[in-house]
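What follows is a short report on a single structure.
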Amino acid sequence: MQHDLPGGRHDEADSSETGGAGTTENPSSEQARQIRFLEEEVALLRRKLTDSPRQNRVLEQRLAEANERVSQLTERNNKLVETLREARSQLLALREEVDRLAQPPSGYGVFIAAYDDNTVDVFTSGRKMRVAVSPTVDIQSLRRGQSVRLNEALTVVEVGGFESTGEVCTLREVLAPDTEGGSARALVAGHTDEERVVWLADPLAEQTLKPGDSLLVDPKAGYAYERVPKAEVEDLVLEEVPDVRYEDIGGLYRQIEQIRDAVELPFLHADLYTQYKLRPPKGVLLYGPPGCGKTLIAKAVANSLAKQVAAATGEKDAKSYFLNIKGPELLNKFVGETERHIRMIFQRAREKASDGTPVIVFFDEMESIFRTRGSGVSSDVETTIVPQLLSEIDGVEGLENVIVIGASNREDMIDPAILRPGRLDVKIKIERPDAEGAKDIFSKYLTPDLPIHADDLAEFGGDRQATIDAMIQHTVERMYEESEENRFLEVTYANGDKEVLYFRDFNSGAMIQNIVDRAKKAAIKSVLETNQPGLRVQHLLDAIVDEFAENEDLPNTTNPDDWARISGKKGERIVYIRTLVTGKNQESGRVIDTATNTGQYL
């Protein structure tokens, strides 16, 4: 089988014959060369295969560097874009600012009237002009007296508000419009009483105006814009409806009945007064010592009147007005100012009373401004103030539904012309409370709902009302007993007579309230110290001693007779006062200095 194998002799013979025909190269060398070539290719491929991971790493590193570079360039590009955008916006803003600064100035005017051809009348630069309106402005929204902005061509380009500054003028009369559908007009007077006619701005024309109102006026445009509150009167007048009731006042039943007859009956039963041809009183004078309830009564009258009017008319909102005049503040160093304030106060009262609402004008400390004419030491301002009040009370202009109530500690100093019948008709003396009156006043401040000490409650079987009544009884007995402890003063009259005055002679509702307040404060301190809550009788008795001790220095005056008159002691002139206080830390018999001619500062 040798002849079947490749490369055998038969093949060799064929090869020799073929080679002999044209090929002289050795076939084995060619194969060897091809084998070497293939081996080199394999080695090259092996080297490439070996070098491939390293190249991949290099390429990956270059790719990462390229990506980072791209990110940096992108971020820088974004910053440049943002910077360019900001620069562009700044350039635009600067261009707008330059354009705005380069614009000609705009003028302002006051709108007067509008017309169908899209033109309006305005008042600008002291002239009345008819100008066009920009399409961006709604001509129907313009109101008389409103400010408008004009461009360089005098075209209305913007609507403003209403003027808020100007002169304050007094309204004399509201006039009819100058033309049909035109602006309302008013006659006003300036600070020099110079009268002029002005237009009323639309917001003001919609309000109800009365003669005497203060108006804000632009004299150049000729418009009145708003009603100005009368601050000078508001400072002097407390316009309110008090919440004090007659039930809150103790010990003054007779006086309350008198003032109700004088004030409430004419308002509530005007038909009966007309039937009997009885004229209601114009004024009431409440006089008496300090702290006895004069102001409280006046407030209670206003509150009661409001309730009575509401019940009579069926209107829940019906009310009365209480004009509380701060007497000494009426005085003004400028001549005629005090009289003008009085006129304005009564004008305000007439305005409030014009619709049937009761108005009470209350003058506290009446002697300070309406004292007897000719009694002034440094000046005689009362010579004009008193006649002004008299003319307001019973002058040509009547006071309908207005009643004047005056309160004073020194009624002897008030001008007699004010006190005569027909002016302050009713004079009610508010006296110091007696023992029964003091009990009634105590009952207003000591009520069963207060904390009461357990020992005091146990004494009356836990009955709180009985305990309170007993506490009040003990306290009043201690205050009003004629004992050495209650002696206050020894006064010597001009005729040589002497009289001992007790603390009860100077008691008042204000003093009783102060005693109760002291006792309540002592009860609070007792709770903090002993942890035993409740008010006791001893607290009230100690409060009486403390109150009397504090009042020991009060009569120290260089004119004892004047002090006695203010305190309610009338009669023989007092020339000498000696204290008789024997309370704690007090020495009996201290003499009050009654020196005279001590100078104006005393």
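Just so you know, glycine gets a Cβ as well, placed from its N, Cα and C.
Here is what Swiss-Prot says about this protein:
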- 1-33: region 'Disordered' (REGION)
- 1-13: compositional bias 'Basic and acidic residues' (COMPBIAS)
- 23-32: compositional bias 'Polar residues' (COMPBIAS)
- 28-103: coiled coil (COILED)
- Gly291, Cys292, Gly293, Lys294, Thr295, Leu296: ATP binding site (BINDING)
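Sequence features annotated in Swiss-Prot and their locations in the structure.
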{"residue": "Gly291", "record": "ATP binding site", "Cβ contacts under 8 Å, 6 or more apart": "Ser508, Gly509, Ala510, Met511"}
{"residue": "Cys292", "record": "ATP binding site", "Cβ contacts under 8 Å, 6 or more apart": "Leu252, Ile430, Glu431, Arg432, Pro433, Ser508, Gly509, Ala510"}
{"residue": "Gly293", "record": "ATP binding site", "Cβ contacts under 8 Å, 6 or more apart": "Ile249, Gly251, Leu252, Ile430, Gly509"}
{"residue": "Lys294", "record": "ATP binding site", "Cβ contacts under 8 Å, 6 or more apart": "Leu286, Tyr287, Gly288, Ala407, Ile430"}
{"residue": "Thr295", "record": "ATP binding site", "Cβ contacts under 8 Å, 6 or more apart": "Phe362, Asp364, Ala407"}
{"residue": "Leu296", "record": "ATP binding site", "Cβ contacts under 8 Å, 6 or more apart": "Val244, Asp248, Ile249, Gly509"}
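Note: the ATP site is recorded as Gly291, Cys292, Gly293, Lys294, Thr295, Leu296; in the same chain, Leu286, Gly288, Pro290, Ile297, Ala407, Ile430, Ser508, Gly509, Ala510 also have Cβ atoms within 8 Å of that site's Cβ centroid. In the three-state DSSP scheme, Gly291 (ATP binding site) falls into the coil class.
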